[in-house]
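Asker: Annotations per TrEMBL:
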TRANSMEM  45-61  transmembrane segment
TRANSMEM  76-98  transmembrane segment
DOMAIN    140-417  domain 'Protein kinase'
BINDING   K169  ATP binding site
Amino acid sequence: MRIVIRSMLEQVRTGSGATAMTVSEEMASTTVSVARKRLWNQKQLFVSSLFNMILLLNVSYCKGSRLKFGRCGEGIKIGVLIGVGAFLVAAVSLVCYFTRRRANWLRKQVRAKHILQEAAGNNSVPFYPYKEIERATDFFSEKNRLGTGAFGTVYAGNLHNDEWVAIKKIKYRDTNSIDQVMNEIKLLSSVSHPNLVRLLGCCVEEGEQILVYEFMPNGTLSQHLQRERGGVLSWTVRLTIATETANAIAYLHSAIDPPIYHRDIKSSNILLDYNFQSKVADFGLSRIGMTETSHISTAPQGTPGYVDPQYHQNFHLSDKSDVYSFGVVLVEIITAMKVVDFARARSEINLAALAVDRIRRGLVDEIIDPYLEPHRDAWTLYSVHKVAELAFRCLAFHSDMRPTMMEVAEELEHIRRSGWTTMEETIYMASPAVSACSSPRNRSQKSMNSVHFERAGQESEAFSVVPLEEVRESSPVSVHVAWLSGPSSPSTNSLLGNVVQ
């Protein structure tokens, strides 16, 4: 009898330990179906151990009481009945619990698909099987990882049709994350603009929530401004990117009802395609604006250096908050400086504060990106100053003093078109007898001003980026920093060479 009791105790002890260990392991598991089966086995083991414990207690009681066998036998019978009853109650409870959990899970899946189809309208958002997503990303290989954002990790993926895409795997999969995913999908599928990143599909299987976007091979504006991709964007290309981005944001503010506020505009959320056309990305933090008010109460959002200063006073973000953030991007385009840099003087750590001070004192030339110096001409200098003045207005402390994004987009378009007029006048006044383009200055101007037309014709991107070595040879800067490449956006990074051949 002692041997039997000892074996029962050992079963209870090892069973409980195995249960705890298995539960700990399941917390790290990513497969919902497998976790559910193992959890069921754990519950069965626990109930079995509980039943054996009840029998053990009854046997111990009979032995300690030193009563006659008949009386002890009755105690065992009572213990067996109690154990069987407890087992049945626990089993029924577990069946009800897991049935309810599965019903809720299935209800969420149906609800997710219903919302997707409703949001997409006639153009249904494609649903990709989870296995296909795994194959596309080489089972979410580290070499395919492009970066990590606030809501998840982005991987480069190659679908069955040899189309490269950006696959965003949502980080959190709690009960509220499905609403965040559905919100982002509804937003992306309801807008249509050439300068907004396009949603290609999604996956809501195996407990995972995955979004599939179009792939942006030329990285982010931030990477180019920080020389992380081996070249320098000319001023004309920078101005074109700024104009396209402003048009996209103005579209979200004015052409959508109710309006959409991005809430996290920054240079690392401005992606560049094969032709260096800008694409505004990352709507994970955006919300649909409320029609009855001009601003929305929110939790802390945004990126340091880009956040509207009034947000720290009233904790509200509005369309004018996007205007402020875009003003910081304009300053980045002019200066190519870091938005927050503790290597600068204390009063100039924040780039917006530094720029406002220089622009107010008429010292814009001090903060212009030195790599633009070899290509600076009269029109470039004029347009840089005009963009700086616009950025100054966008960075006004009081939101009602800032322009709307529609006004910003119109002014940038006017500045850009003034460059076309200058080039057309130069070509018109040129004579075969007078080589007006023979000087280095005019050659530079012609090359830079022709960028827009070359890109519009889908020509080579070489016209869009000035090689870094060429700039260094003619640049007055004497110290050349070895810029290291690193991911600055969840959309793409310099590791694409390891992924896309």
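Placement of Cβ uses the backbone N, Cα and C atoms for every residue, glycine included.
Curation does not apply to TrEMBL; its annotations are automatic.
Each of these features: where is it, how hidden is it, and who are its neighbours?
Answerer: Here the domain 'Protein kinase' (140-417) returns a mean pLDDT of 87 for the predicted model.
Under the three-state DSSP scheme, K169 (ATP binding site) falls in the strand class. Taking the Cβ of K169 (ATP binding site) as reference, residues of its chain lying under 8 Å away and at least six apart in sequence are, in sequence order, F140, G152, T153, V154, Y155, E208, Q209, I210.
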